[in-house]
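Step one of this worksheet: look at the structure below.
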C-alpha cells in the first residue's frame, strides 16, 4: 500500500517491443564517421583551427589576455618569492635523492619552470624536482655509476669524473622521459593516466616515502652508505646502516633531530592557524639559514667532520647532448618515470583547477612536461614534475598564475648566479632532515588501509600489493606489479559479476533482486535474469553457467533427451509396439519394451525436435509411453535484462545465439529487454537473427516484456493470483501505469497512448 500523503503518477502508453517502438517513432538519421573521416578531420586545417591550435600549444596567450595586473600581480610576487625560497631548499635536498651534487637541483628548479610557463595549462602547480622521481633517477644513477667499483661500460664515460658521469646519466634519462611524454602528448594519449587509480598512486607514493626515508638516514646519521639498486635494495641498505649505526656522527644526529622537531611543530601550527596566517611560516628556509650561520660560525665541517653542501659553482654550464648508449640502457626504466611524473602533476593540477574554476588539458600537460624535461636535460637538470608541498605553498600564498612560478625561477637563478656561496657550509644532515619531515603526508596515507578494507577489499589489496612490491622490488617493478594487480581486479570484477534473479515489487513496475525484498511478485513460469556487466569472451561461460543455475536445468541436455525420446517413439510406432489413439499413445506390445539406446547421428540430437512423422505433437509435461522419462521444465518464459550490458564481442554474440537457440528448442520463450541501441545494431551487423532467433524478442523495458508474457499466458497469471478480488490491488506503474486489478487480468485490457508527439502525460495525486 502507498503511504498516505505520498505522490503518485500515472502514464498511459502502449506496450512496446523494440520493433513496435521503431515503427511508431521515427529516428533521426545520423552519419557515423569512419576511421577515414576521423583522419581527414584531424588533418584538416582552416584559419579558425590554426588559431585554436596555436592557443592550445601556447596556453600562456589565453590567460595572459585576461591577466588582472592590479588584482593579481602583487599576489603573484609574494607567492613567487615564497615558492622560490622553498624551491631552492628542495632543489638542494631532493638532489641528494638522485645521488648528484646538490647544486644540480637548482637547475631542475629553474629550466623546466621557464618552459612550463609558456606551455602549461595549470596556473598553480610549482614545477621542479619531485622526491619520488629523484629517487628513481638515483637508482638508475647508482646502478650505472656505483659508489664503489667501476662504472658501467658505456661510451662517453671516458675522461669524466664520477660526478660528471652521474650527471650525464641523469640528464640522458631525463631526455628520454621528455621524449616519451612529448610523444604521448602529440599522439593524444593523455588518458593513460586514468589507468593509475588513486589507490594505486597512494600505495606507490607511500612506498616511495619509505625508500626516501631510508635513503636519507645516511645523511641524518652521518654515515657513508653505498648506493644500492634493484630488488630488496632497501633491505640491504638497512642492514648496512644498522651494522654501522655505532659510527654515527652525534653532531649530525643532534642537528637533524632539532631541525625535524622544530619544522614539525611549526608546520602543525601552520595547518592549525592557516586561516589566520596571511602567509605560512617558511620554517624550512628559516632553519636552513640558522643552520648555515651556526655551521659557519662554529666550523662544523672541521671540528665535527660533518658533511656539508660545499662549493656551489656560479652560473650555468653549457648545453650537453644526451648519451645514446645511456638512452638505450635506460629506456625501459624511463617509461614508468614518464607516467608517474605526469600522473602526479596532473592529479595536483586537477585539484587546483577545480578549486579555482578553470580547465586543464591532459595532452597539453604531457607536451609541456615533455618539452620542459627535454629542455632541462640539455642544461643538466633531472626529471621535473611537481612537489605537493611546493605547489601548496605557491597556491596558499596567493599565487594566481604561472607568473608566480616564473618569479620563483628568478629567485633560484639569483641564488645560482650570485649568492649560492652562502649555502656552502650547510650540513647535508639539515637537507636530509627537511626531506624526512616533508614525508609526513605521504607516509600518513597508510591510514587509508582500514578505510579501504571496510569499503572495498579489492582496492585495499591493490594498495597493499603496490606498496609492498614497491618497497621490496623497487619503485619501477613495484609500479608494474601494482598496475598488473589493478587490471586483474578490474578484469575479475567484470569477468565474475554479481548476476541476479529479479522479481516485481508488488504494486509497481520496479524489479529488484528477489533475495533482497519480502513483498515481491514472481509470475509463474517466468524467470527474469540480470547480468550487470558487458558480455565478452572472458565471462561468456560464467554468464551461461549462472543462467543455467538460475533456470535449474541444462537446455542442451533436455533437448538431447527429448530428441532421443522422439527417436525411440518413432521407432516403436514403426515397429507397431506403440499406437496413437485419440486418448494418446497406446502400448500394443505384450511384453515390456526394452530401453535400447541409439547412438547413431548424435549430432542430430542438438537440432530442433521434429514432429513431422508423428500424428500429433508430444506434450513433454505429460506421462510418456515406454517408460520414457524426460525432465520437466517449469519455465515457459525467460527475460534477460541487458540494461547494464554496454557491449558484446564476437565470442559473446556467437555464445549468446547458441544459448538462445538451445532455450528456444526446448520451448522456452526468450525476451531481451533494455538493450543498448549500439548493442542491438551490432547484433544486426553480426547476422545474429535467423529463423529461430527473431528481433521480436527485444522489448523496450523490463515491464513491457513481463506484461507481454502475462498477456500471452493468462492462465498462469490467473492461477497465480486467483485470490485477488475485484477492485482490490490497484497497480500504478512507471511508464506503463494501469488502472486495473493487479497483473493477472492485464490481458483483458487494451493499453492506450495519448502522447504521439508529446511527452508523457503525468497525473499527480
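Here the Cβ of each residue, glycine as well, is placed from N, Cα and C on the backbone.
Whatever TrEMBL says is automated annotation, not expert-curated.
Residues or ranges marked as transmembrane segment in TrEMBL: 73-94 (among others).
What TrEMBL lists as transmembrane segment is 100-119 (among others).
Away from its own ends, the transmembrane segment (165-184) comes close to residues 98-101, 104, 137, 140-141, 144-145, 151, 156-157, 190, 192, 320, 322-323, 326-327, 330-331, 333-335, 337-338, 341-342, 363, 366-367, 369-378, 380-384 of its chain (Cβ-Cβ under 8 Å, at least six residues beyond either end). Look at TrEMBL and you will find 165-184 (among others) tagged as transmembrane segment.
What TrEMBL lists as transmembrane segment is 191-213 (among others). Distant neighbours of the transmembrane segment (191-213): 97, 131-132, 135, 184, 234, 339-340, 342-344, 346-347, 362, 435-436, 439, 442-443, 445-446, 448, 452, 459, 462-471, 475, 478-479, 482-483, 486-487; these residues of the same chain sit at least 6 beyond its ends, with a Cβ under 8 Å from one of its Cβ atoms.
According to TrEMBL, the transmembrane segment annotation covers 219-238 (among others).
Taken from TrEMBL, the feature transmembrane segment applies to 250-267 (among others).
For the transmembrane segment (279-298), the residues of the chain that approach it from at least six positions outside its boundaries are 78, 82, 85-86, 89, 255, 259, 262-263, 266-267, 269-270, 306, 308, 393, 396-398, 422-423, 425-427, 430, 434, 438, judged by C-beta separation under 8 angstroms. What TrEMBL records for 279-298 (among others) is transmembrane segment.
Residues or ranges marked as transmembrane segment by TrEMBL: 334-354 (among others). Beyond its flanks by at least six residues, the transmembrane segment (334-354) meets 121-125, 127, 130, 132-133, 136-137, 173, 176-177, 180-181, 184, 190, 192-193, 196, 198, 201, 204-205, 360, 362, 365-366, 369, 373, 383-386, 388, 391, 395, 475-476, 479-480 of its own chain at Cβ-Cβ distances under 8 Å.
Here TrEMBL flags 366-383 (among others) as transmembrane segment.
Summarising the annotation, TrEMBL assigns transmembrane segment to 403-423 (among others).
TrEMBL lists 461-485 (among others) with the feature transmembrane segment. If one looks beyond the transmembrane segment (461-485) by at least 6 residues along the same chain, the residues whose Cβ comes under 8 Å of a Cβ in the stretch are 132, 135-136, 139, 195-197, 199-200, 202-204, 206-208, 210-211, 229-235, 333, 336-337, 339-340, 446, 448-449, 452.
According to TrEMBL, the feature domain 'STAS' maps to 516-709.
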Beyond the flanks of the transmembrane segment (403-423) by at least 6 residues, Cβ under 8 Å: 67, 72-73, 75-77, 79-81, 83-85, 87-88, 91-92, 103, 106-107, 109-110, 113-114, 116-117, 125-127, 292, 309, 311-316, 394
Same-chain residues at least 6 beyond the ends of the transmembrane segment (100-119) with CB under 8 Å of its CB atoms are 57-60, 87-88, 90-94, 126-129, 138, 141, 163, 166-167, 170, 309, 312-313, 316, 364, 367-369, 371-373, 375-376, 379-384, 402-403, 405-406, 408-409, 412-413, 415-416, 420, 428, 431
Sequence-remote partners of the transmembrane segment (219-238) [C-beta within less than 8 Å, at least six residues beyond its ends]: 96, 99, 138-143, 146-148, 210-211, 244-245, 247-249, 251-253, 256, 305-307, 428-429, 431-433, 436, 471-474, 477
Residues outside the transmembrane segment (366-383) whose C-beta sits under 8 Å from one of its C-beta atoms, at least 6 past its ends, are 57, 95, 98, 100, 104, 107-108, 110-116, 119-121, 127, 129-130, 133-134, 136-137, 167, 170-175, 177-186, 189-190, 316-317, 319-322, 337, 341-342, 345
